[in-house]
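Notes follow once the structure below has been shown.
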Amino acid sequence: WIMGHMVNANYQIDEFVNLGANSIETDVSFDSSANPEYTYHGVPCDCRRWCKKWEYFNNFLKALRKATTPGDSKYHEKLVLVVFDLKTGSLYDNQAYDAGKKLAKNLLQHYWNNGNNGGRAYIVLSIPNLAHYKLITGFKETLKTEGHPELMEKVGYDFSGNDDIGDVANAYKKAGVTGHVWQSDGITNCLLRGLDRVRKAVANRDSSNGYINKVYYWTVDKRQSTRDALDAGVDGIMTNYPDVIADVLNESAYKAKFRIASYDDNPWETFKN
């Protein structure tokens, strides 16, 4: 999965997919009542990026729905996964459940079209704080209450705080999550970060009793760091330059081993060689 980083304005969906991304990451900011309000990152953000592009969350969802609904004039067949980077740092811990509930209602109405031929992409809810695990509970219970528990088949999870892998496993236990787990590791492109924790996550993914299904690394903009991440065995790379990742995947060393994921590749299944 080539994951376009910080796609927060509607027009950037086309821009990143046209550069080679089959997945995008979008920042979601919340108001003081835990309503998802804007797709917005803000300052500081990655080097060589403009941090202030934004859209109202529901308007972004509508554009995303069009981009992932077969038959729509804006449809992109290869856009198959969306990571919502949930900026819950502005919320109190006790608002996490409400944030999940409100997020689910927004997605149900504006992305899934109330279960009636909505967008088809798989969705990852990426949460920066382990203490906010109840966001998952709120999301799940709301879809059930609203009569669409089947949509949870399209939803996965990520805790993005680079926490100890054992602590992450524990948070999932509390949230009642037993699958659909993506594990992120990384740092802004302005700084360097080694691959030690990525290797631990990959080892967990590949062990018989691990909780992780997929591992992705962020934010990778250079050819050499792309090669290093692929060599470490990641499933996804988040980038500001999808074309760079696509180029490396075309190199002879990687062409035979990796391919770009399509809609038929289940993002919740651990890949077995």
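Note that Cβ sites are derived from N, Cα and C of the backbone, with glycine treated the same way.
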Looking only at C47, C51, which is named in Swiss-Prot as the disulfide mate of C45?
C51
Write down the one residue from D46, D72, D85, D93 that Swiss-Prot lists together with E25, D27 as binding Mg(2+).
D85
Looking at the active-site residues H5, H41, which sits with the largest number of other Cβ atoms within 10 Å of its Cβ?
H5
On the three-state reduction of DSSP, what should I expect for D85 (Mg(2+) binding site)?
strand
Which of these disulfide-bonded residues has the least crowded Cβ, counting other Cβ atoms within 10 Å: C45, C190?
C190
In the same chain, which residues outside the set E25, D27, D85 have their CB within 8 A of the centroid of the CB atoms that define the Mg(2+) site?
H5, M6, V7, N8, T26, V28, H41, V83, F84, L86, K87, S126
I need the nearest neighbour of H41 (active site, nucleophile) among the recorded positions C51, C190, N250, using C-alpha distances.
C51
Long-range Cβ environment of C51 (disulfide bond), under 8 Å and at least 6 residues apart:
M6, H41, G42, V43, P44, C45
